[in-house]
Structures are given as structure tokens and as C-alpha cells.
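Visitor: Sharing a structure here in C-alpha cells format.
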């Protein structure tokens, strides 16, 4: 189905609520829609051994959080490289991160970490984040995954990307716990299976590669409940931020199959009709 307006969408939901499933279904339903994942962008840079990847690899391996400024720069760069964001920054080029410095081809390079810190702490206008024009072409529609997770991050994202729909996915926590108890993952690809639905053709084996599936350590009930509590603490102000902007829509269901028709209908109302 063809979109008539550019969709810039974020799905918000507790771990295990089915954000990945809903994203896949939206992407299949609306071919103009693309997925932009902050995690995938970081992993790609690490795998390709780019200067940025080298800089953040140790942080990612240790489970640490990459700074918001770097994530924002990644998103800005990705949109600019796709031709969806037209920057009017004086440098006129996309900035990239080096192992100990930031540089811009044709612009002034940064010589050390002190200059990097000065750049990242400068006002958004000086960094070129809000001196940009985002394309309204429906073909430039995207789901943004992995960012923002907090209201503070959302406010920073507003500087470069005006999100026009935020979907809050809700499923009772006891249903999610039952769901994750049967979840198995193919780690290299990220494919997720479940013994109660979407089971692998051969128990414990990935359908595509034949490699073994594993259980995630964070699918343990105690670990999950701790993550769920943390999610609630950060999600409430995040959703309030987008509610004030008038772009929040909430949907609840006991399963992904129950939520999907409602989500598709709302998506069409916003971007097709």
C-alpha cells in the first residue's frame, strides 16, 4: 500500500511486547517504509572497522551506552547520506567520528578529544542539527528503532527529526513473561522464534542456517522484571513528551496478532488516507 505522506515513526513498548514483530509487519505492508536502527548503525561501523566503529567498539562490548551525541550524529549522517535530510551546516558535509577525533571532509578536523568534547557540547545550531530540512517525500519514510529511550533523548532528537507518530504498544506483563519463556534466538542473525508461536521447523535449530538456537540471558524472569521496571521509569516521561506534541497513539492487545490490525488501521489513517 502506497503512503501519501512521509512517515517518521517510533514504536515504544516494554521488552518482549513485540516491537520487532510489528516493525516487520509494517515494513511488509508499506514498501516505502524503511527501518533505521541505531544499534544496526553502530554494529555496521564496528564490523566494517570504520573510525567510528573502532572508537565505540570497547564501549559496546562492555555493555556500556554510547553517548547521545554520537547516536544523533549517526542518525543525522544516515538520513543525509540517503538524501532525506538536507543540511545547511556551513561545512556542507556529513561529519564522521575518528578514533580520537571528529572530522569532516572539506571542513575543519578535530585534533584531540578536548576538541571533540567542545563540539559535542556546543549548541545544536552550531553543530548543524537544526539547520536542516527533512524531506516530506513518502518514499523517505522510516521506523526509527533503538532511539530515543528517554525524554531527554527525545528532546535532542526533535532538533533534527520531527517525529510524526509515536506508537505505545501495551501487553500485560504476565502475558509477556509467558511469551519470553518460550523464546529462542539465532544470535548471528537476530532471528527470534517461539515454541508457542513461530516455532522453528526443527526444535532448537535455525530455519535458515541450521545453526543452534539459544536462550537470551535476559529472558530469565527476575532479569526481565528488573528490565521492565527500568523501562517503566524511562518510558513514562518519554511518552508524556510525545503526548504533549500530539503525536502519541496507544494500542493494547494480548498478542501481536491482536495488535497488528489496529496498528495498520491507525498507520493508514495517518499516512494513506
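Cβ coordinates come from backbone N, Cα and C, glycine included.
Keep in mind that TrEMBL annotations are predicted by a computer and have not been checked by a curator.
According to TrEMBL:
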- 16, 17, 18, 19, 20, 21, 183, 192, 193, 256: GTP binding site (BINDING)
- 38, 43, 64, 65, 66, 146, 147, 148, 149, 153, 216, 227: AMP binding site (BINDING)
- 183-218: domain 'Adenylate kinase active site lid' (DOMAIN)
- 37-66: region 'NMPbind' (REGION)
- 182-219: region 'LID' (REGION)
Visitor: Tally every other Cβ atom lying within 10 Å of the Cβ atom of residue 18 (GTP binding site).
Guide: 23
Visitor: Tell me, how many other CB atoms lie within 10 A of the CB of residue 193 (GTP binding site), whichever protein chain they belong to?
Guide: 20
Visitor: May I ask which residues of the same chain, at least 6 positions away in sequence, place their Cβ under 8 angstroms from the Cβ of residue 38 (AMP binding site)?
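Guide: For residue 38 (AMP binding site), the qualifying residues are 71, 74, 75, 144, 145, 146, 147.
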Visitor: Counting only residues 6+ apart in the same chain, whose Cβ is under 8 Å from the Cβ of residue 149 (AMP binding site)?
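Guide: Listed in sequence order: 234, 238.
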Visitor: If you count the other Cβ atoms within 10 Å of each Cβ, which of the binding-site residues 16, 20, 64 comes out on top?
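Guide: Highest number of other Cβ atoms within 10 Å: 16.
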Visitor: Per DSSP, what is the residue count of the domain 'Adenylate kinase active site lid' (183-218) in each of helix, strand and coil?
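Guide: Secondary-structure composition of the domain 'Adenylate kinase active site lid' (183-218): 2 helix, 12 strand, 22 coil.
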Visitor: For residue 216 (AMP binding site), which residues of its chain lie six or more apart in sequence with Cβ-Cβ distance below 8 Å?
Guide: 183, 185
Visitor: State the Cα to Cα distance, in Å, between residue 16 (GTP binding site) and residue 64 (AMP binding site), rounded to an integer.
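Guide: Counting only the Cα atoms, the answer is 21 Å.
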Visitor: For residue 20 (GTP binding site) and residue 66 (AMP binding site), determine the Cα separation and express it in whole Å.
Guide: 22
